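Inspection log for the structure reproduced underneath, given as structure tokens.
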Amino acid sequence: MYFKFIALLILIGSFMGMTVAQASCDPETQYEKDGQCCLMCKPGTSMSTEDCKNPQCQPCLDNHYQDKYTTKNKCLQQPYCDRNKNFEAQVPKSKTERSICKCKVGFHCSSEECITCVEHTVCQPGYRAKVIGNNSQDTECEQCPDGTFNNNASWYAQCHKWTECEKGYQVEEKGTHTTDNTCAGTQRGHIIVISILSAVFMVTVVILVLVYRAGCIKQRTKNYYEPQMCEEDITAHKETTYNNQMTPEENEDELSHELSSEGFTDKGNQVMQERGKEEIVSRQESQLESQFESQEDSQSMDQFYKQV
């Protein structure tokens, strides 16, 4: 009886020791073996040689992964994303986490397992995408609200507000769920446009007239400072020139002969002819001619001013 009691105590002690050893191990990074807490291999590796305190770990092969601490000697294989099933091209895969196959843009997974990808639903004209599709769900369509339209078919379609006609325009044809408003100019708008064009035309004509008149005034001013001879002046000038050419020149030898023949008395004294009257008469005639010419010049200038 005594021996049985001692054996029971030993058994209970052993069991309690094992329980304490198991309770002291880290369940994430350690495992219990022969009453000891042994180390696991870290994520991204597998255990090639088992050793409680110093296990031999090796990196995972390409297209394989290990996302937890492990005692396994092999890593897990990455899923294969087939581009022929509308998956995106795979990027370099991680060795510490499982890669997720993503569908191409415009496609979504056909099931929760995402074995293949199918195209999003296309919203027809007059509808919009209430929910735009993504990798895990399809597009949901609904009709455009009143006052909006959509004339394109796509899985991401959106509705647009009808155009509001500007001032001077009115709605010629009201929009629908698939068409926009059509605006047309009012009659009043046409009148305004015509009035503006007419005003621009009149201003242009006035400017051209002013430019033309300015050129004429400039030409007249130039003629004012450079007057031309009238026909009467030209005729008188020609007659004067002709008379001067026809008047004979006195010969100096004849004049000296006359002075020598009639310039002395019987006693040998020189006779001086009275020239006072002749000089006075000639001066008076020259003055009259000058006055006459000045009067004619003034008359011709008056006529020129009247013409201008």
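Glycine is no exception: its Cβ is also placed from the backbone N, Cα and C atoms.
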Disulphide partner cysteine [TrEMBL] for C165, chosen from C159, C183: C183
If you run through the repeat 'TNFR-Cys' (143-183) with DSSP, how many residues end up as helix, strand and coil? 0 helix, 13 strand, 28 coil
Which residues does C165 (disulfide bond) neighbour through Cβ under 8 Å, counting only same-chain ones at least six apart? V171, N181, C183
Lying 6 or more residues past either end of the transmembrane segment (191-212) yet within Cβ distance under 8 Å of it, the residues of that chain are 168, 185
Disulfide-bonded residues considered: C144, C159, C183; fewest surrounding Cβ atoms within 10 Å belongs to C183
